[in-house]
């Protein structure tokens, strides 16, 4: 039997060991939380085949109901890893996102987006596709496929498990069967929706001061298209005659509409769109570097007048309602028609108004 003093020493030693272990675990846990959440977190997906793929959970997500899920779980039936190269502007990347989601589901593959696409879309929408870590992207043995802008039969049976898509797909033929899912992916964050609705609530009809019954979003694409369309594609952008005819189409069918005009050429719009009836509001800010305010306004309208471009397409697609678009905006021999099929670009129920091609007649082949 040990003397009492020895027993006390042993008990004290054991107590110190236990307290030290507890202190270590507490500090380790706190340090993990502090540093782990302050940096990007890698969430390994152990179900993937070699090479291992990780979901890249960006800092601060999810922090509120408005943010995207950081590590969503793919159904167990899906395999492989597909992504798409983010290219172009806001509307282009929306088309790439929707097409990736649809084709991956069709082929039973898991879809991931790259950080640049997340940076472009996540501040605006509640997107849910996980983000691929750059180091995993660089190690993956990708097969590459450049898509054309309409659904083809071969896209329904793509066998590559590691596929990186590219191109500028924005055709409803890829994803319209998933329309509600696509609309859900492109749900605006609350603050953007509320700000847009606040702008619309303040609008009044000029002559009577009454509240509008119907909001028609108008997107007028100008900017670089002023040179690109005639010089490269033998095409035109919308003129004032088209916009007048499109507005008259809605005036004939809807009571007391108001036209909410957005554009990357607002000065031209103010000078060329007839606002004398008191039902035209120049609401857009025209900021191409931060287009989401204009986009949010358009999607909260009941109907849409679009000209050309993917920005207008997505505004119309998400708003629903009636859509009027600029039709036949290139000469018949335009190279543009080799990469663009109107029947795959515009929904069948949308209403087309032919463009005025007279400025292009000097370019027409005899």
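Residue numbers in this text run from 1 along the chain shown.
Even glycines carry a Cβ here, placed using N, Cα and C.
Annotated N-linked glycosylation site per Swiss-Prot: 66 (among others), in sequence order.
Spatially close to residue 302 (N-linked glycosylation site) yet at least six residues away along the chain are 214, 215, 216, 319, 320, 321, judged by Cβ distances under 8 angstroms. The N-linked glycosylation site feature in Swiss-Prot is assigned to 302 (among others).
What Swiss-Prot records for 328 (among others) is N-linked glycosylation site, and it gives sequence analysis as the kind of evidence. The Cβ of residue 328 (N-linked glycosylation site) lies under 8 Å from the Cβ of 342, 352, 354, 355, 357, each on the same chain and at least six residues away in sequence.
Note on the topological domain 'Cytoplasmic' (1-8): its mean pLDDT in the predicted model is 52. Sequence annotations record features per position, and here Swiss-Prot assigns topological domain 'Cytoplasmic' to 1-8 based on sequence analysis.
Feature annotation from Swiss-Prot assigns topological domain 'Lumenal' to 26-366; the stated evidence is sequence analysis.
Residues or ranges marked as transmembrane segment in Swiss-Prot: 9-25.
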